[in-house]
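What TrEMBL records for Y559, N801, D814 is Mg(2+) binding site. Summarising the annotation, TrEMBL assigns ATP binding site to 587-594, K614, 660-666, R800. What TrEMBL records for 170-278 is domain 'Lumazine-binding'. Summarising the annotation, TrEMBL assigns domain 'Ig-like' to 204-294, 400-505. According to TrEMBL, the feature domain 'Protein kinase' maps to 580-941. If you look up TrEMBL, you'll see 1-30 marked as signal peptide.
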Amino acid sequence: MASTRGQTGNLNLLHFLFGVFLVCPEGGLCLELQPSAPEVLLNPNSNFTVMCSGWSQVTWQLPQDSRVDGVVVANQGSSSVLQLFNVTWRNSGRYTCEEASSYQSREIDIFIPGQGPDEWFVPLGPGVVMKEAEEDTIPCVVSDPRLNVSLYERPGRMAVTGTTYEPGRGFTGRLNDTSYVCLAARGAEERESQVYYVFSVVVPKVMEVDLTVSSSVLKQGEVLTVNCTVKDTEMVFFSWDFPRRQEVEPLTDFLPNRIRSFVNISTATVADSGVYVCAVQETMQGRTVTKNITVTVLDRGYVYLWPSGEPNVSSLLHHTVEFSVEIDAHPAPTVLWTKDNQTVATETTSISTTHLTGSRYVSTLMLVRVQMDQTGNYKATISNDDDSDEVVFNLEVKAPPRITSLTEVGSKAVLCVSEGAPPPSVTWYTCHSTHRCSNVTGGWRSLSAASEGVSLQENTTEMEERGVTQVRSVLTLQALSALSAVRCEAKNSAGRRARDLRVLSPSLLSQVAVLAVVLVLVVIAVFFLIILILLWRKKPRYEVRWKVIESVSPDGQQYTYLDPTHLPYNSTWEIPRDNVVLGQVLGSGAFGRVVEANVSGLIHSHSTTKAAVKMVKPSSGAVQSLMSELKVLVHLGPHLNVVNLLGACTRGGPVYLITEFCRHGDLVNYLQRNKRTFLQSDTHAKRSVHTHRHESLSLSVCIECECLSPCSDSDGGYMDMNKEESAQYVAMQELRYADIEPAVYETPYTPPDQQEASSLLLSDSPVLSLNDLLSFAHQISQAMDFLSSRNCVHRDLAARNVLVCEGKLVKICDFGLARDLMKDQDYITRGTSFLPVKWMSPESIFQNIYSSQSDVWSYGVLLWEIFSLGGSPYPDLPMTQEFYSALKRGYRMTRPEHAPHDIFELMKQCWEEKPQSRPPFSSLVISVGNMLTDDYTERYLQLTENFLKGENPAVVRSRLSLSRAAEELTDRQTDAHGSPAPQVKINLSEAEPQEPGPSHGTYIIPIADVTIETRSSAALDADSPHSSDPAPNAPGPQEVTSPEGEQEAEEPAASSCRPEGEEESCL
């Protein structure tokens, strides 16, 4: 019966395996349990069998305490049978079948209920849980799955939630490092499990084990230490195997982040030689890592050598040579290198000995850039206390041949001196074909002592101090052609060198010498010519500072200026040269001068007006710039606070520009001369019991600015310019000179009578007051508002370019022509331009941008000059890179001593970093005007009205220019339409002056009302030419000539600003 059951069981197993093989899909779960129920409840003392089958070998994992009698596992290839006999409650738990090849597993929970509460919990270990991650399992396995089991933290008996309970495994979840206990209940009965202690441990994925030895080779009697160290692992077990294991006990110590087990033998013997094996087992996962090392203990030391490379070495001069020896020695050896039995000098060589590993070493001798005297035998001696050995290297240094000299000796002999090691051999060649001698080999014929007409002499000298041999060879040619070439070639085993020499016959020597002298002179002449051209191109040129803006880019970063040469010039401004009587020179500069003159016929035929005449020096080449300045002044028109144009002489001689004359010179010198009067009056005012207005409130203006009244402190100068002696001035033809009294500059000041004082803006007394300084600031803002309204940029607004007339009337100008800019410290040369950087805004200095906003910055600096009484700006900064760096950092000048706080606030507004943040001149006119009295404002309005309606030459000639322009417009329209000209009505009646203020166009001379009446609409549709273009036959710019009488070249109408750093500045 038993045999039949066995056969039936085997048949069932075959059927089961066959089904598995047919059903198991690729990649699916191929493990099968029979029976397949995940949980089985057995009776005590019963038997149970379960079979596990797979594709490869399978094994069973049993509960810890089930490895007792009554549990049998039978492995049969890819299947395994688990059999339980006479089971008890201790056999309860989870049984797992695993397939190693696929890492698959199947589990079955088997329970055998106990007889009482003491048999509820199955003991599965010591109660210590080593936690590797945040989640782990408390193995509270019970014998009966029907029990109610809960988990508590032992301290405080707090119930644990968030865990999963499986009767065959226990509680799984997030566990803390503390102690736990399980509680099982059935009805009224309860029982606690053993206490489980949870600890967190670090278990690395890869266990790092390092096995080291103090020395793998050592002599007996020395200390032997073998260390076995594991890193970042907390629970390990060490096991050792080595010779004399029973006599020596390994020790273990715990170091930071590592555990070390070591074997220490204080006195090693030959018996300690062998293999030392350290096995490290990680207790959590059961992994084991094994390392071994071989130790040799010798009864005495040794030395073995292996030289690298050949023992005989040949090297070229100045090459690097290296001798190397590999060493195996114990104990550690000493190394000594010698040359010819002398210790090698370390300052000319490099010796290094490196410990490779264990008893292996390498020693190297390096000779860098070997010299001839380093030829010889080099020996390396290696020794220790028990043994020694040596290696010898032989070095031969070769010097390639070098030809030190190849010269002619006499008229037919050539000497070649060469040297080298070994001694070089010398070979001579000659060549008579010029075009073939440049070839390395072609065209050259070898010479020997047997050659016809050739003799050779040679001697050899040993140069012992340098280790080379010198060879002197003399070649004598009996017959020498007109042009021959000889070659000396030196050759030895280290190389070859050759040098050629052209040999000339005596007849050609003289010709070559003459040709060489001529060539040298030509080169010198060309060199000096290039230098002169460069100096001429770099020489700064005079240019007009005032520019008229034509257009502005949308981003406001690029301005296009109108070419002043294309501005119109009306011939009504021409003055006959006979009407100009020149006097003394008022100022002279590098490019021209300003001369005092009496001009007749400016107002009417019998009038005489004192004026200032600008002219350029004949050699300065600045005629075009002066003509540009003339046209800019014509374009602007007259203004009370501008040095106005009175006329010009542009034909039949040099160009003269005639402007108003201001007798007190420039403002900066005026302030400096009269500084003490301001200080005295200011001190007196502080000491006075009562306050009264200074007499300077009775302000004045010299309407025609002839300013003939005396001035006490004047030094007689028109501006602070270099006075030029009249003897140095070359008189020009077609000019008449008159003796104009210079004594007006030294005449003591006398108070004006009542009628004369009423025509002045301020008192002409040299005594200055705060109201005078405010008046200067107000008048200059009026003038700059006028320029801004005409789209004109000054670019050089400073006190030196402001002139003072009688009644302390000030006028802005540009007299750089008559100032020695090369010596003026206020100007810096950049390219071909002079730049007043102390008065320039940051965008003008660094970006080459000029606008009305940049003039506002300069106006702020001018205010500082006025209220410092002629002081030089930035007194604390040198004109070096420090100045530019300070300006970029936002440095600004402090308040001048005599400046009111309101004025200083205006200065700071003018010095805003962003141009758009600065106030316009129209606003500055209002701000400064509000600081003055109503009496002053009324006087200024009255003087403006008198200026525009009076007989000022500038106003009168402007009216004539407007009349001529209207006539030319009428004539052109008649010519264009071929029909009767429209009726042009010109109203030259004087217009009512507008009240001075910030609005643009306020101070422009009233333009005549021009009314054009037409008889047909065709005239209106036709394009009329620009009113300023002269008629073909009308006198105009086409007739303007330079001093040489040549016509000026035509230039483009406008040019845009070039970036900073280029030679030419912006027009």
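Glycine too: its Cβ is placed from the backbone N, Cα and C atoms.
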Taking E660, D666, D814 as the binding-site residues to compare, which has the smallest set of other Cβ atoms within 10 Å? D814
For the domain 'Lumazine-binding' (170-278), what are the DSSP-based totals of helix, strand and coil residues? 3 helix, 63 strand, 43 coil
Which residue counts does DSSP give the domain 'Ig-like' (400-505) for helix, strand and coil? 0 helix, 69 strand, 37 coil
Have a look at the binding-site residues Y559, N801, D814 and say which one has the shortest Cα distance to R593 (ATP binding site). D814
Whole-number answer please: how many Å between the C-alpha atoms of G587 (ATP binding site) and D814 (Mg(2+) binding site)? 13
Mind checking which of R593, R663 has the fewest other CB atoms within 10 A of its CB? They're the binding-site residues. R593
Going by DSSP, is N801 (Mg(2+) binding site) part of a helix, a strand, or coil? helix
In DSSP terms, helix, strand or coil for R663 (ATP binding site)? coil
Could you check which of the binding-site residues Y559, N801, D814 is the closest Cα neighbour of D666 (ATP binding site)? N801
Round to the nearest Å and give the CA-to-CA distance linking D814 (Mg(2+) binding site) with R663 (ATP binding site). 16
How far is it from Y559 (Mg(2+) binding site) to R663 (ATP binding site), counting Cα to Cα, in Å? 36
Ranking the binding-site residues Y559, N801 by other Cβ atoms within 10 Å, which is at the bottom? Y559
How big is the Cα-to-Cα gap, in Å, between R663 (ATP binding site) and N801 (Mg(2+) binding site)? 14
Secondary structure of G587 (ATP binding site) (DSSP, helix/strand/coil): strand
What three-state secondary structure does DSSP assign to D814 (Mg(2+) binding site)? coil
Whole-number Å value for how far E660 (ATP binding site) lies from N801 (Mg(2+) binding site) (Cα to Cα): 14
Averaged over the domain 'Protein kinase' (580-941), what pLDDT does the predicted model reach? 77
Number of other Cβ atoms within 10 Å of the Cβ of G587 (ATP binding site) across all protein chains: 25
Going by DSSP, is Y559 (Mg(2+) binding site) part of a helix, a strand, or coil? strand
